[in-house]
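**Q** Per TrEMBL, compositional bias 'Basic and acidic residues' is recorded for 8-18, 73-83. Taken from TrEMBL, the feature compositional bias 'Basic residues' applies to 55-72, 114-129. Annotation source TrEMBL lists region 'Disordered' at 1-21, 50-129.
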Amino acid sequence: MLRRKRLKERERYAKIKNDPAPLKLRQESLAENYVKRKATLKVRMVSQMSNRELRAKRKQWRNNTRSHRAAKKFREAEARFVRENSPASSSADEGPRAPQVPQAPVNAGGRNSSARKKVRCEKAKMSRANKKLKKENAKLKRSLEKERKRIYRFKKSMGMTDSPNTKVNRIMKEKNKAKIRRQLLFGETLIRDLNDTYKTIKSHQKKKAFRTFVVGKARFRLEIQVDEPFPKAE
């Protein structure tokens, strides 16, 4: 039923292609429909897709290509069968012939069935590989989380605290705007108070000691030099 419907659709489109006026109307209708779908983002450019959407779209393209090639092979086999089993044109003068019983296109059906089977096997293979990758990914995530918790417990038992960079990164990952605002406000207030205190110090040695005490370890001192809170003592 579906095959008969597609044949009628192809015949109808072939008639439209031979008539310029209906062909132009059809092309304009298709172009207008494409513009509407593009405006509503039902049709998107490759540059507008995420990596996940692009992978799904490429998978769909591959499946469509396989189906198109399988259907094309079937049509070619069907046409070849008709040519091979049609009587020659010269036989019209030889009088009536005994009617031939048409045979089913075994090769065509077999090829089409083989192509469909191959597509199903490929889909099943890809599905199994995808499930395997998902399981491995979930296993790696669990292992990573387990290791992270183990390191955290070890640091806690040893009395070790997180570095400033670690704390800042954790706060930024949480994306808690209220907490980030409080921390920034506290930091700005502290820097202002320390600057005011630093300006009241007169001794060069005391200023140097104050800077060393406030900034802390050398590796953080180098990072803070990008936005130095205290002017260097002359």
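The backbone N, Cα and C atoms fix where each Cβ goes, glycine too.
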**Q** Please list the DSSP helix, strand and coil residue counts for the compositional bias 'Basic and acidic residues' (73-83).
**A** 11 helix, 0 strand, 0 coil
**Q** Any contact between the compositional bias 'Basic residues' (114-129) and the compositional bias 'Basic residues' (55-72), i.e. 3 or more CB pairs below 8 Å with pairs at least 6 residues apart?
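**A** Yes; at least 3 Cβ pairs under 8 Å.
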**Q** Give me the DSSP three-state residue breakdown of the compositional bias 'Basic and acidic residues' (8-18), ordered helix, strand, coil.
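**A** For that range the per-state counts are 11 helix, 0 strand, 0 coil.
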**Q** Which numbers of helix, strand and coil residues does DSSP report for the compositional bias 'Basic residues' (55-72)?
**A** 18 helix, 0 strand, 0 coil
